[in-house]
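Q: Handing you this structure, nothing more for now.
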Ligand code: CA
């Protein structure tokens, strides 16, 4: 488990003024990673670290020779077009790079001029998915979400008996994960309208969001070698925002008996910035179980996990309709919650995933599952906020929404704040719904009459 060190000191200031402004997502205590290039250019994507309104270009840093030793090796690994090589180096290397960058970005650093030459302004950058994601696993770690959504699909049996024992998950689709700014077509598929005798085919009518966190695996484990919970977090590179878009009407028809398929694999959007577990150390909190619930089995339990295995990450979902955009209005908040309400921790997810010998690889992504909190305003999907589509939500401009409509944009935000620590943020994760594809024109098979 990462202890607090000099990089977390809330009194640290950077020589870059924009990093010291109140409310900034990227002060010197954060230092998250992304891959980027100059917008509209044909430059190669490369790793970068956010500071204030700038990006420290790791390729430029590696070339400059400013950093030495393990930090220089880590910067070199981070100079590639994906972060997998840096992720594979392990937590000691990430930590060495963080410490070296923290020292060179501080007020009074002798390296200020050298590092200044390695900065690219964030408004001039575009981003890519930070890793080659070999496998994407979506967990289901909010008991509130599991119960609320269970009520929609199985009113008589909302929370299945395995939930409080097993960190439930399923293998998702990595190829359709896109970076913030992703625009995707409303999916089409089969649905079974209530009371109908046969399924229909057409555009999804119940398109939803899922506010999640994405957990990037750093160093992997060998096939057949489980990761003990006391070492699980050493395998985690960091955390980003994740919107796991969901087609509820397609899901309702297809999900039994093997779980979601086409209702989830058409698009998932991640934020560019990955905040390391080391940066999140000040915002750890105790992992507890409600009175009367079973305690985790021994393999999912450790003293450190109980003491501070959870993270208090504040989360918000914003919705911007086409009308709001046309009227120059920003997105309206429709949900505020925290990751601290999750039923299972990051360490428990890693350990459970590997307990059968399954091998994780650098760049693999876990979804936390929809992070609904205990009350309705903390519900992190429309299916919960609207009670299964029965109660539309009212937006401040007088519009209503039950499900996402074409042109709607959804903006996820996340941040951490605690007395005695700097405030750090995750930036944003934006995605926009485009109209469904026009149906493929397919001639009905012509009747050929033989002469
Ligand atoms: Ca999900």
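Glycine is no exception: its Cβ is also placed from the backbone N, Cα and C atoms.
Reproduced below are the annotations present in TrEMBL:
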- 29-130: domain 'Fumarylacetoacetase N-terminal' (DOMAIN)
- 138, 210, 212, 244: Ca(2+) binding site (BINDING)
- 138-433: domain 'Fumarylacetoacetase-like C-terminal' (DOMAIN)
- 140, 154, 251, 255, 370: substrate binding site (BINDING)
- 145: active site, proton acceptor (ACT_SITE)
- 244, 264, 268: Mg(2+) binding site (BINDING)
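Help me picture these features in the structure, burial and contacts included.
A: Around the Cβ of residue 212 (Ca(2+) binding site), the number of neighbouring Cβ atoms within 10 Å comes to 30. Residue 212 (Ca(2+) binding site) carries a strand DSSP state (E or B).
Model confidence over the domain 'Fumarylacetoacetase-like C-terminal' (138-433) stands at 97, taken as the mean pLDDT rounded to a whole number.
Within 10 Å of the Cβ of residue 251 (substrate binding site) there are 24 other Cβ atoms, across all protein chains.
According to its DSSP assignment, residue 145 (active site, proton acceptor) is helical.
In sequence order, 138, 172, 210, 212, 264, 268, 367, 370 are the residues of the chain that are 6 or more apart from residue 244 (Ca(2+) binding site) and have a CB within less than 8 Å of its CB.
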Q: Tally every other Cβ atom lying within 10 Å of the Cβ atom of residue 138 (Ca(2+) binding site).
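A: Result for residue 138 (Ca(2+) binding site): 25 other Cβ atoms within 10 Å.
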Q: Take the domain 'Fumarylacetoacetase N-terminal' (29-130) and count its residues per DSSP category (helix H/G/I, strand E/B, coil), listing them in that order.
A: 45 helix, 24 strand, 33 coil
Q: Compute the mean position of the Cβ atoms of 244, 264, 268, which form the recorded Mg(2+) site, and then list in sequence order the other residues of that chain whose Cβ is within 8 Å of it.
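A: Residues close to the Mg(2+) site, other than 244, 264, 268: 138, 172, 173, 210, 212, 242, 243, 245, 246, 265, 267, 367.
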Q: Under DSSP, is residue 154 (substrate binding site) helix, strand or coil?
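A: Residue 154 (substrate binding site) sits in coil per DSSP, no helix or strand.
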Q: Which binding-site residues from the set 154, 251, 255 come within 10 angstroms of residue 145 (active site, proton acceptor), judged by C-alpha positions?
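A: Final answer: none.
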Q: Are there any residues at least 6 positions away along the chain from residue 140 (substrate binding site) with a Cβ closer than 8 Å to its Cβ? List them or say none.
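A: Expected: 146, 163, 167, 168, 169, 369, 370.
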